[in-house]
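> Just passing along the structure, written as structure tokens.
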Amino acid sequence: MVLLKEPVQPLPRSSLLYNNASNSSSRIKETRKVKLLYNPLTKRQILNNFEILATLGNGQYGKVKLARDLGTGALVAIKILNRFEKRSGYSLQLKVENPRVNQEIEVMKRCHHENVVELYEILNDPESTKVYLVLEYCSRGPVKWCPENKMEIKAVGPSILTFQQSRKVVLDVVSGLEYLHSQGITHRDIKPSNLLISSNGTVKISDFGVAMSTATGSTNIQSSHEQLLKSRALGTPAFFAPELCSTEKEYSCSSAIDIWSLGVTIYCLLFGKLPFNANSGLELFDSIINKPLEFPSYEEMLNGATSGITMEEYTDAKDLLKKLLQKDPDKRIKLADIKVHPFMCHYGKSDAASVSTNLETFHELKVSPPSSCKRVELVSLPVNSSFASLDSVYMENFDHNNLRTGADRNSTYSPSIYDANTLSPSAYHNIGSRESSYSSFSSFTSSTAFASQISIQDAPAIGDQQCLIGESGSSLRVNSCEFPQYTTMSPVGEYPFESTEASLSSTLTPVGNVPQRIKAHLVEGKSNSKDDLRIEADASLVFEASDAQRTRRRMSLYKL
């Protein structure tokens, strides 16, 4: 059982959090250089000092990844934002800055409150098409109010939460909203999925992708005509306030729209369904503007998680919702009045600290501990590689006209080494490379350009022993180091060489101005007192590796 802790009491306006909000940004680290690495052993990507572990969510305004700080071991959430807007009809070379990215960053830099998700670091590399926000990780995920097997838009009730559990959620959200509004921030997208629960049970407001703010701290934000059009197109329609759905009156984006969406959220938590629903957007907007608010009967409420409520509690809940879902924004209840409403303060006060939730309701994602590997060799990736697949690499927005020839490429390549026990770095040699478009049978599906690099990677040398490279004609000869093993490793698997020939033809498939298949294999033979290892690729790229000491080596295929 997970205890939901007591909600945080709002700070007085004399607090430093109110008067010195600008100081919050000084706690946030801003990094202007992004380095992307790939771990071929764990098949995970590493963004600067953060190992990407899993996907937490894919929203309209960005993806969110679970990551581990390699320095501290702490878990964080990384939100990935597109720096440029995607506009149909425009050339790929015409890049339009996404104004919501800077807006979200500026809003979050001003926030520092226990009921608001914390921003730790901003990774903003001008060379990258992405902007990364390193955020506080709330391990119990978003607030759930309907069964997992039900779509929220089709939920018909009852709720899986009790009235007491819902009250605890609402009190934390009200505390967070009070802080935001005091800073002149209107969230504009309050809903259960944007309310995250930390490991200690605190509810935190997240996702400021459509939030609006003013530098003066005013809670009434007048929008320009362009902002008006955008604000009506962004957010979650089922949680829109009536003033967002209507085009008849002059629109002002005020904190009252957060009060409305809070009312819709509370309705979902208490009754397990949306207060206004329809089959189309126009019907939904008409329902929000004109349809009177309706409630399930008290008899219906006696089923499920709400079976223990009294008629008085049910009546007070309806009264609060009527004041929250008031169609006239000027008549809507204020946050301060919500906290003292009978529904919020007359029930369950004596045992508030004992309120708990089932693990099935607020489950915690289990994360495996860091890898125990003592030595991991990391491959540097292009800064604009994608996190779309954690076991593949592909480049976005790559201009085919900018492809370089082999002569233009830098012949030296040194992957980064992450060594937990300060072992000697491995010897790495770039045997050869070619640039074209590649696609893997398993996960490479992008039609943009790739660089394929075939490399021989030797095990660590002992003492001062070095690996020597010799060149003969069109072939490269490598003298091996220590540690006997025949293994080929790539992002798509490992291939041990037990026999005299092992086919690698399934590793890469070319797309573009190259032969339609790559045929690569290893041939083992004997010449005098040494073993010759021969690696072939599509009959035109031949590498010979000589092993004079009859030791073994591993070969890696990396797709960059």
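Every residue, even glycine, has its Cβ placed from backbone N, Cα and C.
Not my notes, these are from Swiss-Prot:
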- 50-344: domain 'Protein kinase' (DOMAIN)
- LEU56, GLY57, ASN58, GLY59, GLN60, TYR61, GLY62, LYS63, VAL64, LYS79: ATP binding site (BINDING)
- ASP189: active site, proton acceptor (ACT_SITE)
> Please report the DSSP secondary structure of LEU56 (ATP binding site), reduced to three states.
strand
> What count of other C-beta atoms do you get within 10 angstroms of the C-beta of ASP189 (active site, proton acceptor), across all chains shown?
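Total other Cβ atoms inside 10 Å, all chains included: 25.
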> Roughly how many Å lie between the Cα atoms of ASN58 (ATP binding site) and ASP189 (active site, proton acceptor), rounded to a whole value?
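Their Cα atoms are separated by 16 Å.
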> Give me the Cα-Cα distance between VAL64 (ATP binding site) and the residue listed as 'active site, proton acceptor', rounded to a whole Å.
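That comes out at 17 Å between the alpha carbons.
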> What count of other C-beta atoms do you get within 10 angstroms of the C-beta of VAL64 (ATP binding site), across all chains shown?
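Taking all protein chains shown, VAL64 (ATP binding site) has 19 Cβ neighbours within 10 Å.
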> Within 10 Å of the Cβ of ASN58 (ATP binding site), how many other Cβ atoms can be counted across all chains shown?
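Taking every protein chain into account, the count is 10.
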